[in-house]
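Undergrad: Sharing the features that Swiss-Prot gives for it:
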- Cys22-Cys28: disulfide bond (DISULFID)
- 1-13: motif 'Nuclear localization signal' (MOTIF)
- 454-462: motif 'Nuclear localization signal' (MOTIF)
Amino acid sequence: MRHKRSAKRTKRASATQLYKTCKQAGTCPPDIIPKVEGKTIAEQILQYGSMGVFFGGLGIGTGSGTGGRTGYIPLGTRPPTATDTLAPVRPPLTVDPVGPSDPSIVSLVEETSFIDAGAPTSVPSIPPDVSGFSITTSTDTTPAILDINNTVTTVTTHNNPTFTDPSVLQPPTPAETGGHFTLSSSTISTHNYEEIPMDTFIVSTNPNTVTSSTPIPGSRPVARLGLYSRTTQQVKVVDPAFVTTPTKLITYDNPAYEGIDVDNTLYFSSNDNSINIAPDPDFLDIVALHRPALTSRRTGIRYSRIGNKQTLRTRSGKSIGAKVHYYYDLSTIDPAEEIELQTITPSTYTTTSHAASPTSINNGLYDIYADDFITDTSTTPVPSVPSTSLSGYIPANTTIPFGGAYNIPLVSGPDIPINITDQAPSLIPIVPGSPQYTIIADAGDFYLHPSYYMLRKRRKRLPYFFSDVSLAA
(Lines of atoms letter the chains of each structure in order from A and count residues from 1; the text may use other names and numbers.)
(Lines give C-alpha, C1' and ligand atoms only; values in the text may rest on other atoms or scores of the structure.)
Protein backbone atom coordinates (compact mmCIF):
# COMPACT_ATOMS: atom_id res chain seq x y z
CA MET A 1 0.00 0.00 0.00
CA ARG A 2 1.48 3.22 -1.04
CA HIS A 3 1.70 6.02 1.47
CA LYS A 4 0.17 9.30 0.49
CA ARG A 5 2.80 11.94 0.19
CA SER A 6 1.93 15.07 2.22
CA ALA A 7 2.15 18.49 0.61
CA LYS A 8 5.19 20.66 1.47
CA ARG A 9 4.40 23.33 4.05
CA THR A 10 5.17 26.84 2.91
CA LYS A 11 7.12 28.92 5.40
CA ARG A 12 5.43 32.11 6.45
CA ALA A 13 7.31 35.35 6.19
CA SER A 14 8.54 36.96 9.41
CA ALA A 15 6.62 39.72 11.12
CA THR A 16 9.20 42.29 10.08
CA GLN A 17 8.99 41.32 6.39
CA LEU A 18 5.20 41.38 6.45
CA TYR A 19 5.22 44.75 8.22
CA LYS A 20 7.31 46.33 5.46
CA THR A 21 4.90 45.26 2.69
CA CYS A 22 1.52 45.40 4.35
CA LYS A 23 1.90 48.59 6.32
CA GLN A 24 1.59 50.80 3.30
CA ALA A 25 -1.23 48.70 1.77
CA GLY A 26 -3.09 48.42 5.08
CA THR A 27 -3.50 44.66 4.78
CA CYS A 28 -1.44 43.65 7.84
CA PRO A 29 -2.80 40.99 10.17
CA PRO A 30 -3.88 42.36 13.56
CA ASP A 31 -0.92 40.83 15.46
CA ILE A 32 1.85 42.14 13.19
CA ILE A 33 1.67 45.89 13.87
CA PRO A 34 1.60 45.68 17.74
CA LYS A 35 4.47 43.16 17.73
CA VAL A 36 6.74 45.25 15.50
CA GLU A 37 5.82 48.62 17.00
CA GLY A 38 6.08 47.28 20.58
CA LYS A 39 2.46 47.87 21.52
CA THR A 40 1.49 44.46 22.78
CA ILE A 41 -0.33 44.11 26.09
CA ALA A 42 2.71 42.73 27.87
CA GLU A 43 4.97 45.51 26.66
CA GLN A 44 2.41 48.17 27.59
CA ILE A 45 2.22 46.73 31.13
CA LEU A 46 5.99 46.93 31.44
CA GLN A 47 6.10 50.38 29.90
CA TYR A 48 3.53 51.93 32.21
CA GLY A 49 4.70 49.95 35.25
CA SER A 50 8.29 51.12 34.87
CA MET A 51 7.17 54.69 35.37
CA GLY A 52 6.62 53.97 39.09
CA VAL A 53 9.33 51.35 39.61
CA PHE A 54 13.09 51.85 39.04
CA PHE A 55 15.18 48.73 38.46
CA GLY A 56 18.58 50.39 38.39
CA GLY A 57 19.21 50.51 34.68
CA LEU A 58 18.82 46.74 34.23
CA GLY A 59 16.63 47.23 31.19
CA ILE A 60 13.57 45.72 32.83
CA GLY A 61 10.36 47.40 31.88
CA THR A 62 11.96 49.85 29.46
CA GLY A 63 10.44 48.22 26.48
CA SER A 64 13.60 48.81 24.48
CA GLY A 65 14.82 45.20 24.58
CA THR A 66 18.49 46.23 24.59
CA GLY A 67 19.45 44.41 27.81
CA GLY A 68 20.43 47.50 29.76
CA ARG A 69 23.68 49.38 29.43
CA THR A 70 25.81 46.29 28.74
CA GLY A 71 23.44 44.69 26.25
CA TYR A 72 22.71 41.03 25.66
CA ILE A 73 25.61 38.57 25.32
CA PRO A 74 24.97 35.35 23.39
CA LEU A 75 25.42 32.13 25.33
CA GLY A 76 28.69 30.26 24.84
CA THR A 77 30.67 33.27 23.61
CA ARG A 78 33.07 35.67 25.34
CA PRO A 79 32.78 39.41 25.20
CA PRO A 80 35.18 41.07 22.81
CA THR A 81 38.41 42.33 24.38
CA ALA A 82 40.78 44.93 23.07
CA THR A 83 43.91 43.21 21.75
CA ASP A 84 45.53 46.20 20.09
CA THR A 85 49.01 46.94 21.38
CA LEU A 86 50.06 50.51 21.75
CA ALA A 87 53.24 51.52 19.98
CA PRO A 88 54.95 54.85 19.47
CA VAL A 89 54.02 56.76 16.38
CA ARG A 90 56.69 56.51 13.73
CA PRO A 91 57.21 58.97 10.90
CA PRO A 92 55.97 57.84 7.51
CA LEU A 93 58.50 56.30 5.15
CA THR A 94 58.86 57.78 1.70
CA VAL A 95 59.30 55.11 -0.96
CA ASP A 96 61.13 56.35 -4.04
CA PRO A 97 60.12 54.61 -7.25
CA VAL A 98 62.90 52.79 -9.10
CA GLY A 99 63.30 53.62 -12.73
CA PRO A 100 64.49 51.24 -15.49
CA SER A 101 67.83 53.02 -15.79
CA ASP A 102 68.65 52.90 -12.03
CA PRO A 103 71.31 50.42 -10.88
CA SER A 104 70.14 47.16 -9.41
CA ILE A 105 72.62 47.33 -6.50
CA VAL A 106 71.60 49.79 -3.83
CA SER A 107 74.40 51.09 -1.60
CA LEU A 108 73.59 50.93 2.11
CA VAL A 109 76.20 53.53 3.07
CA GLU A 110 74.82 56.99 3.10
CA GLU A 111 76.85 59.77 1.67
CA THR A 112 78.51 62.10 4.14
CA SER A 113 78.08 65.75 3.52
CA PHE A 114 80.91 68.05 4.57
CA ILE A 115 80.16 71.58 5.60
CA ASP A 116 83.10 73.93 5.35
CA ALA A 117 83.20 76.51 8.08
CA GLY A 118 84.69 79.83 7.25
CA ALA A 119 84.13 82.89 5.16
CA PRO A 120 81.67 82.43 2.30
CA THR A 121 83.14 82.16 -1.16
CA SER A 122 82.35 84.84 -3.68
CA VAL A 123 80.06 83.86 -6.53
CA PRO A 124 81.06 85.53 -9.81
CA SER A 125 78.29 87.33 -11.62
CA ILE A 126 77.73 86.42 -15.30
CA PRO A 127 76.30 89.14 -17.48
CA PRO A 128 73.25 88.01 -19.41
CA ASP A 129 73.73 87.14 -23.08
CA VAL A 130 71.74 89.30 -25.35
CA SER A 131 71.89 86.93 -28.30
CA GLY A 132 69.75 84.27 -26.57
CA PHE A 133 70.28 80.70 -25.41
CA SER A 134 72.69 78.26 -27.05
CA ILE A 135 71.89 74.54 -26.75
CA THR A 136 74.79 72.08 -27.12
CA THR A 137 74.21 68.34 -27.47
CA SER A 138 77.06 65.98 -26.66
CA THR A 139 77.31 62.18 -26.57
CA ASP A 140 80.67 62.01 -24.73
CA THR A 141 80.52 59.64 -21.72
CA THR A 142 83.66 61.03 -20.07
CA PRO A 143 82.79 62.48 -16.65
CA ALA A 144 83.18 66.20 -16.31
CA ILE A 145 86.05 67.40 -14.12
CA LEU A 146 85.61 70.66 -12.30
CA ASP A 147 88.62 72.63 -11.16
CA ILE A 148 87.93 74.22 -7.78
CA ASN A 149 90.58 76.53 -6.41
CA ASN A 150 91.46 76.29 -2.71
CA THR A 151 90.02 79.16 -0.77
CA VAL A 152 92.12 80.76 1.94
CA THR A 153 90.05 81.36 5.10
CA THR A 154 91.17 83.63 7.91
CA VAL A 155 89.72 82.99 11.38
CA THR A 156 90.09 85.55 14.15
CA THR A 157 89.45 84.52 17.76
CA HIS A 158 88.68 86.99 20.53
CA ASN A 159 88.82 85.85 24.14
CA ASN A 160 85.77 86.74 26.20
CA PRO A 161 86.57 87.08 29.91
CA THR A 162 83.08 85.89 30.76
CA PHE A 163 83.61 82.47 29.19
CA THR A 164 87.29 82.08 30.00
CA ASP A 165 88.17 79.09 32.15
CA PRO A 166 88.98 80.04 35.73
CA SER A 167 92.36 79.58 37.29
CA VAL A 168 93.38 76.00 37.75
CA LEU A 169 94.92 75.16 41.08
CA GLN A 170 97.51 72.45 41.13
CA PRO A 171 96.77 69.68 43.61
CA PRO A 172 98.96 69.75 46.70
CA THR A 173 102.00 67.54 46.67
CA PRO A 174 101.63 64.29 48.62
CA ALA A 175 103.25 64.25 52.03
CA GLU A 176 103.93 61.62 54.63
CA THR A 177 101.64 61.49 57.64
CA GLY A 178 104.29 62.20 60.22
CA GLY A 179 106.29 65.08 61.62
CA HIS A 180 105.72 68.75 60.95
CA PHE A 181 105.04 69.63 57.33
CA THR A 182 103.44 72.47 55.40
CA LEU A 183 101.16 72.19 52.37
CA SER A 184 100.94 75.05 49.91
CA SER A 185 99.38 75.42 46.47
CA SER A 186 100.52 77.60 43.60
CA THR A 187 98.25 79.21 41.04
CA ILE A 188 98.35 78.79 37.27
CA SER A 189 96.53 81.46 35.31
CA THR A 190 95.28 80.97 31.74
CA HIS A 191 93.72 84.39 31.27
CA ASN A 192 95.07 87.52 29.71
CA TYR A 193 93.51 90.13 31.97
CA GLU A 194 94.69 91.67 35.19
CA GLU A 195 96.06 89.23 37.72
CA ILE A 196 95.04 89.57 41.34
CA PRO A 197 97.32 88.01 43.97
CA MET A 198 95.59 85.24 45.87
CA ASP A 199 96.23 84.11 49.41
CA THR A 200 98.06 80.84 49.91
CA PHE A 201 96.38 78.43 52.25
CA ILE A 202 98.92 76.88 54.61
CA VAL A 203 97.98 73.86 56.64
CA SER A 204 100.34 72.97 59.47
CA THR A 205 99.98 69.83 61.53
CA ASN A 206 101.81 68.27 64.43
CA PRO A 207 102.33 64.61 65.33
CA ASN A 208 99.55 64.72 67.89
CA THR A 209 96.83 65.59 65.37
CA VAL A 210 98.06 63.93 62.15
CA THR A 211 95.30 62.63 59.90
CA SER A 212 95.64 59.89 57.30
CA SER A 213 95.46 60.57 53.59
CA THR A 214 93.07 57.65 53.11
CA PRO A 215 89.43 58.77 52.99
CA ILE A 216 87.70 57.99 56.22
CA PRO A 217 84.38 56.21 55.70
CA GLY A 218 81.28 57.31 57.52
CA SER A 219 81.62 56.56 61.19
CA ARG A 220 79.09 54.13 62.57
CA PRO A 221 77.55 54.61 65.99
CA VAL A 222 78.84 52.45 68.79
CA ALA A 223 76.87 49.23 68.95
CA ARG A 224 74.95 48.63 72.13
CA LEU A 225 76.02 45.62 74.17
CA GLY A 226 72.48 44.59 74.97
CA LEU A 227 73.33 43.66 78.55
CA TYR A 228 69.99 44.70 79.99
CA SER A 229 67.50 43.38 77.44
CA ARG A 230 64.33 41.55 78.37
CA THR A 231 65.66 38.19 77.15
CA THR A 232 68.85 38.38 79.25
CA GLN A 233 68.92 37.05 82.80
CA GLN A 234 70.71 39.30 85.30
CA VAL A 235 73.00 37.59 87.85
CA LYS A 236 75.17 39.48 90.34
CA VAL A 237 78.49 37.82 91.22
CA VAL A 238 80.01 38.44 94.65
CA ASP A 239 83.18 36.32 94.34
CA PRO A 240 86.20 38.46 93.23
CA ALA A 241 87.58 35.43 91.34
CA PHE A 242 85.10 36.25 88.60
CA VAL A 243 87.45 39.04 87.45
CA THR A 244 90.78 37.19 87.63
CA THR A 245 90.00 33.47 87.18
CA PRO A 246 86.37 32.94 86.12
CA THR A 247 87.06 29.28 85.27
CA LYS A 248 87.14 28.41 88.99
CA LEU A 249 83.47 29.30 89.23
CA ILE A 250 82.46 27.06 86.31
CA THR A 251 84.73 23.99 86.52
CA TYR A 252 86.97 22.50 89.15
CA ASP A 253 90.74 22.90 89.00
CA ASN A 254 91.80 21.56 85.63
CA PRO A 255 95.38 21.92 84.34
CA ALA A 256 93.99 22.41 80.84
CA TYR A 257 92.60 25.81 81.85
CA GLU A 258 95.75 27.12 83.50
CA GLY A 259 97.38 30.08 81.80
CA ILE A 260 94.39 30.99 79.62
CA ASP A 261 93.62 34.53 78.58
CA VAL A 262 90.65 35.71 80.59
CA ASP A 263 90.12 38.69 78.27
CA ASN A 264 88.87 36.45 75.44
CA THR A 265 85.80 34.26 75.06
CA LEU A 266 85.97 31.05 77.11
CA TYR A 267 84.36 27.84 75.85
CA PHE A 268 83.57 24.84 78.04
CA SER A 269 82.80 21.33 76.83
CA SER A 270 79.61 19.67 78.00
CA ASN A 271 78.95 15.95 78.34
CA ASP A 272 75.41 14.85 77.62
CA ASN A 273 75.80 11.52 79.42
CA SER A 274 76.89 13.04 82.73
CA ILE A 275 75.77 15.89 84.92
CA ASN A 276 78.23 18.80 85.13
CA ILE A 277 78.20 20.32 88.59
CA ALA A 278 79.77 23.79 88.82
CA PRO A 279 81.42 25.09 92.00
CA ASP A 280 79.08 28.08 91.84
CA PRO A 281 75.43 27.14 91.20
CA ASP A 282 74.89 30.37 89.26
CA PHE A 283 77.28 29.10 86.55
CA LEU A 284 75.56 25.75 86.01
CA ASP A 285 75.33 24.51 82.36
CA ILE A 286 77.57 27.32 81.07
CA VAL A 287 79.16 26.43 77.71
CA ALA A 288 80.50 29.86 76.67
CA LEU A 289 81.57 32.94 78.59
CA HIS A 290 82.14 35.91 76.31
CA ARG A 291 84.70 38.68 76.55
CA PRO A 292 84.44 41.08 79.49
CA ALA A 293 83.18 44.63 79.25
CA LEU A 294 83.60 47.56 81.61
CA THR A 295 80.58 49.80 81.91
CA SER A 296 79.97 52.92 83.95
CA ARG A 297 76.86 52.97 86.08
CA ARG A 298 75.50 55.51 88.52
CA THR A 299 76.67 53.35 91.41
CA GLY A 300 80.22 52.79 90.08
CA ILE A 301 82.26 50.70 87.62
CA ARG A 302 80.79 47.35 86.59
CA TYR A 303 82.62 44.30 85.16
CA SER A 304 80.26 42.34 82.87
CA ARG A 305 80.34 39.06 80.90
CA ILE A 306 77.67 37.38 78.79
CA GLY A 307 77.27 33.63 79.29
CA ASN A 308 75.41 31.05 77.20
CA LYS A 309 73.81 28.06 78.89
CA GLN A 310 73.09 24.65 77.36
CA THR A 311 70.04 23.53 79.26
CA LEU A 312 68.60 21.28 76.52
CA ARG A 313 70.03 19.65 73.42
CA THR A 314 67.96 18.16 70.60
CA ARG A 315 68.76 15.07 68.54
CA SER A 316 69.80 17.23 65.62
CA GLY A 317 72.53 18.77 67.78
CA LYS A 318 70.92 22.14 68.41
CA SER A 319 71.53 23.61 71.87
CA ILE A 320 68.81 25.44 73.75
CA GLY A 321 69.67 27.60 76.73
CA ALA A 322 69.29 30.96 78.37
CA LYS A 323 71.44 34.05 77.93
CA VAL A 324 72.82 35.30 81.24
CA HIS A 325 74.50 38.60 82.12
CA TYR A 326 77.01 38.16 84.94
CA TYR A 327 78.25 41.39 86.51
CA TYR A 328 80.57 42.30 89.35
CA ASP A 329 80.66 45.81 90.82
CA LEU A 330 84.27 46.91 91.17
CA SER A 331 83.61 50.10 93.11
CA THR A 332 80.75 52.04 94.51
CA ILE A 333 80.25 55.75 94.48
CA ASP A 334 78.99 56.89 97.86
CA PRO A 335 76.87 60.00 98.08
CA ALA A 336 78.72 63.16 98.94
CA GLU A 337 78.98 63.88 102.64
CA GLU A 338 77.37 67.07 103.83
CA ILE A 339 79.69 68.93 106.21
CA GLU A 340 78.06 71.65 108.25
CA LEU A 341 80.23 74.74 108.10
CA GLN A 342 80.60 76.87 111.21
CA THR A 343 80.66 80.61 111.08
CA ILE A 344 84.11 82.11 111.66
CA THR A 345 84.42 85.22 113.86
CA PRO A 346 85.40 88.12 111.65
CA SER A 347 88.90 89.49 112.28
CA THR A 348 87.93 93.01 111.39
CA TYR A 349 86.71 95.40 114.07
CA THR A 350 85.68 99.02 114.36
CA THR A 351 87.75 101.43 116.43
CA THR A 352 85.93 104.33 118.03
CA SER A 353 87.49 107.72 118.53
CA HIS A 354 86.72 108.04 122.27
CA ALA A 355 88.81 106.11 124.76
CA ALA A 356 87.13 103.67 127.09
CA SER A 357 87.54 104.04 130.81
CA PRO A 358 89.96 101.66 132.55
CA THR A 359 87.28 100.39 134.86
CA SER A 360 84.95 99.24 132.04
CA ILE A 361 87.80 97.52 130.22
CA ASN A 362 89.01 95.77 133.32
CA ASN A 363 85.54 94.50 134.12
CA GLY A 364 85.21 92.87 130.72
CA LEU A 365 88.78 91.63 130.85
CA TYR A 366 88.63 89.85 134.20
CA ASP A 367 85.26 88.23 133.49
CA ILE A 368 86.92 85.54 131.39
CA TYR A 369 89.62 84.71 133.94
CA ALA A 370 89.49 82.23 136.75
CA ASP A 371 88.72 83.39 140.26
CA ASP A 372 92.12 82.31 141.55
CA PHE A 373 93.89 84.78 139.33
CA ILE A 374 91.72 87.79 140.04
CA THR A 375 92.78 88.41 143.67
CA ASP A 376 96.29 89.36 144.62
CA THR A 377 98.31 86.69 146.33
CA SER A 378 100.07 88.95 148.87
CA THR A 379 100.45 92.57 149.91
CA THR A 380 103.50 93.89 151.78
CA PRO A 381 103.30 97.22 153.67
CA VAL A 382 105.87 99.75 152.65
CA PRO A 383 107.16 102.30 155.10
CA SER A 384 106.49 105.81 154.04
CA VAL A 385 107.27 109.25 155.17
CA PRO A 386 104.79 112.08 155.65
CA SER A 387 105.96 113.63 152.43
CA THR A 388 103.56 111.50 150.33
CA SER A 389 106.37 109.38 148.97
CA LEU A 390 105.78 105.63 148.61
CA SER A 391 108.50 103.05 148.68
CA GLY A 392 108.72 99.27 148.82
CA TYR A 393 108.69 96.06 146.70
CA ILE A 394 105.30 94.68 145.84
CA PRO A 395 105.25 91.22 144.23
CA ALA A 396 102.06 90.52 142.28
CA ASN A 397 100.71 88.00 139.76
CA THR A 398 98.77 88.84 136.64
CA THR A 399 97.68 86.77 133.62
CA ILE A 400 98.15 87.68 130.00
CA PRO A 401 96.46 85.51 127.31
CA PHE A 402 98.71 84.72 124.38
CA GLY A 403 97.77 83.66 120.87
CA GLY A 404 95.21 80.91 120.69
CA ALA A 405 93.27 79.38 117.84
CA TYR A 406 92.58 82.72 116.22
CA ASN A 407 94.80 85.63 115.43
CA ILE A 408 94.01 88.24 118.09
CA PRO A 409 95.01 91.78 117.10
CA LEU A 410 97.00 93.84 119.60
CA VAL A 411 95.39 96.96 121.03
CA SER A 412 96.56 99.28 123.81
CA GLY A 413 95.34 98.13 127.22
CA PRO A 414 94.63 100.06 130.45
CA ASP A 415 97.00 100.68 133.32
CA ILE A 416 96.60 98.46 136.38
CA PRO A 417 96.38 100.56 139.59
CA ILE A 418 97.69 99.18 142.90
CA ASN A 419 95.67 100.31 145.88
CA ILE A 420 97.89 100.66 149.03
CA THR A 421 96.63 102.35 152.17
CA ASP A 422 98.86 104.82 153.99
CA GLN A 423 100.02 103.55 157.36
CA ALA A 424 101.67 105.51 160.18
CA PRO A 425 105.32 104.63 160.37
CA SER A 426 106.34 102.83 163.54
CA LEU A 427 109.93 103.79 163.17
CA ILE A 428 111.34 107.04 161.95
CA PRO A 429 114.36 106.37 159.79
CA ILE A 430 117.59 108.21 160.28
CA VAL A 431 117.73 109.06 156.64
CA PRO A 432 115.60 112.09 156.19
CA GLY A 433 114.15 110.83 152.93
CA SER A 434 114.13 107.99 150.40
CA PRO A 435 114.01 108.12 146.63
CA GLN A 436 110.84 107.42 144.70
CA TYR A 437 110.34 104.03 143.06
CA THR A 438 108.90 103.25 139.67
CA ILE A 439 106.87 100.09 138.98
CA ILE A 440 107.90 98.40 135.76
CA ALA A 441 105.74 95.55 134.34
CA ASP A 442 108.06 92.95 132.89
CA ALA A 443 105.69 91.98 130.09
CA GLY A 444 104.37 93.27 126.83
CA ASP A 445 101.02 94.83 126.14
CA PHE A 446 98.27 92.81 124.48
CA TYR A 447 95.09 93.56 122.56
CA LEU A 448 91.78 91.90 123.13
CA HIS A 449 89.44 91.29 120.20
CA PRO A 450 86.20 93.29 120.50
CA SER A 451 84.09 90.19 119.84
CA TYR A 452 85.16 88.73 123.20
CA TYR A 453 83.62 91.57 125.22
CA MET A 454 80.11 90.11 124.96
CA LEU A 455 81.10 86.58 126.03
CA ARG A 456 79.68 85.33 129.29
CA LYS A 457 81.93 84.27 132.10
CA ARG A 458 82.96 80.68 131.67
CA ARG A 459 84.72 78.50 134.14
CA LYS A 460 87.03 75.81 132.90
CA ARG A 461 87.15 74.74 129.22
CA LEU A 462 89.24 77.75 128.33
CA PRO A 463 90.91 77.57 124.87
CA TYR A 464 93.65 79.99 125.99
CA PHE A 465 97.12 79.48 127.38
CA PHE A 466 98.21 81.33 130.52
CA SER A 467 101.65 82.35 131.79
CA ASP A 468 102.75 84.08 134.98
CA VAL A 469 104.74 87.28 134.99
CA SER A 470 106.19 89.21 137.89
CA LEU A 471 106.11 92.87 138.63
CA ALA A 472 109.36 94.33 139.80
CA ALA A 473 109.70 97.70 141.54
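Don't overthink the numbers, they just go from 1 along the chain as shown.
Glycine too: its Cβ is placed from the backbone N, Cα and C atoms.
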Undergrad: Which number gives the other C-beta atoms within 10 angstroms of the C-beta of Cys22 (disulfide bond), all protein chains shown included?
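TA: Total other Cβ atoms inside 10 Å, all chains included: 15.
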Undergrad: Along the motif 'Nuclear localization signal' (1-13), what average pLDDT does this model show?
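TA: The answer is 67, the mean pLDDT of the model over that range.
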Undergrad: Please work out the number of neighbouring Cβ atoms within 10 Å of the Cβ of Cys28 (disulfide bond), leaving out its own Cβ.
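TA: Step by step: centre on the Cβ of Cys28 (disulfide bond), count other Cβ atoms within 10 Å, giving 17.
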Undergrad: I want to verify one value. Collapsing DSSP to three states, which class is Cys22 (disulfide bond)?
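TA: For Cys22 (disulfide bond) - judged by DSSP and reduced to three states - the answer is helix.
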Undergrad: Look up Cys28 (disulfide bond) in the DSSP assignment and report helix, strand or coil.
TA: coil
